[in-house]
């Protein structure tokens, strides 16, 4: 064998590898001690471990043990990923809380006295306000203590910070709720520390974090309204002057309320006007103990989807039940005179169409967990002023339409979660959705009466 040539684990080229023995015994032998390529003749077939029945039973036991070991490993791995914990190390949640409490890093600090929200500096490297000790050192500490890789010169930038932020966003015990810029020009992200009760139930985590989502969307509507990152391609952006009179303030309050229609399989089942000014959460009801779960009571501005009506078609009824079960975490909406923002937690595809969608485009797929502006009243009002009788189009329509699809099934041949590209490809047919929502700001609904 050449010095650089590696040995072939399957023997010589062209040789037929021996089948491993599934029964218990020493390597290379059967359960009775005979070689694996020569069946044992000490017992007749079907009698004892070396027989046909014994080998099959031993093989089934071995397969079950392997499947159990793989299942336990997968469960442990998912738990380790969700909590950020590893052997001999604390969880990511406990680690970052310890770093915030230490006060060693400028800008890494608590945002409230209850110590439920903290800031992480994220000033870009090219920004003149970038400071290594504030914006980069914590990322290097993360790599050194938890990254399981050597720290070299490449981590002098923001590479370590990017890895740390990715780990924080994957952690179930933390929730990214916003971002901002301090008075001295430094950028930061805001994370919320979830309560232990929220980590046991995914719906409870969404309900408890709904207030923070509402505040984040309200901030985007007020401050980040003209940010290019919040605008879709081809979207028209026109500012609205602030109102200072009493009538103007009342009108601003009305813009925070929404008129909602709900359709099941093409038939209207419910309509309502929301009462909360901060926002609303549309979800299906869950039968859980209110003393233990937040999700049984709902968030502020809770809107429950109606129960499944009596349908003659069992297939349609089953699809409707699956869609409502997928909407347990729900959809969050916040409205103002600057538009409507939405955060989708629906466990399935949700398509929407409104005047923020380009005129030559069809319904778009809502991203999961990301604030998205789905309606701009300024576009509707400006278009109405320019043309009293505009052509029928979703750009000139005063409402938003949402199609809630059933969960995307993962095939038996692909046990992994679908990639975003595959997910979008499977969700391309929005017409299959059996739950449809029509959402309109209250002032526009009042004007149409």
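Placed from the backbone N, Cα and C atoms, the Cβ positions cover glycine too.
Your range for region 'Disordered', going by Swiss-Prot and the list 1-60, 61-120, is 1-60.
According to DSSP, the DNA-binding region (89-195) comprises 41 helix, 22 strand, 44 coil. Between residue 406 (N6-propionyllysine) and residue 442 (N6-propionyllysine), the C-alpha separation comes to 29 Å. Cβ neighbour count for residue 406 (N6-propionyllysine): 22 (other Cβ atoms within 10 Å of its Cβ, all protein chains included).
Mapped onto three states, the DSSP output places residue 406 (N6-propionyllysine) in coil.
The average pLDDT the prediction assigns to the DNA-binding region (89-195) is 86. In three-state terms derived from DSSP, residue 442 (N6-propionyllysine) belongs to a helical segment.
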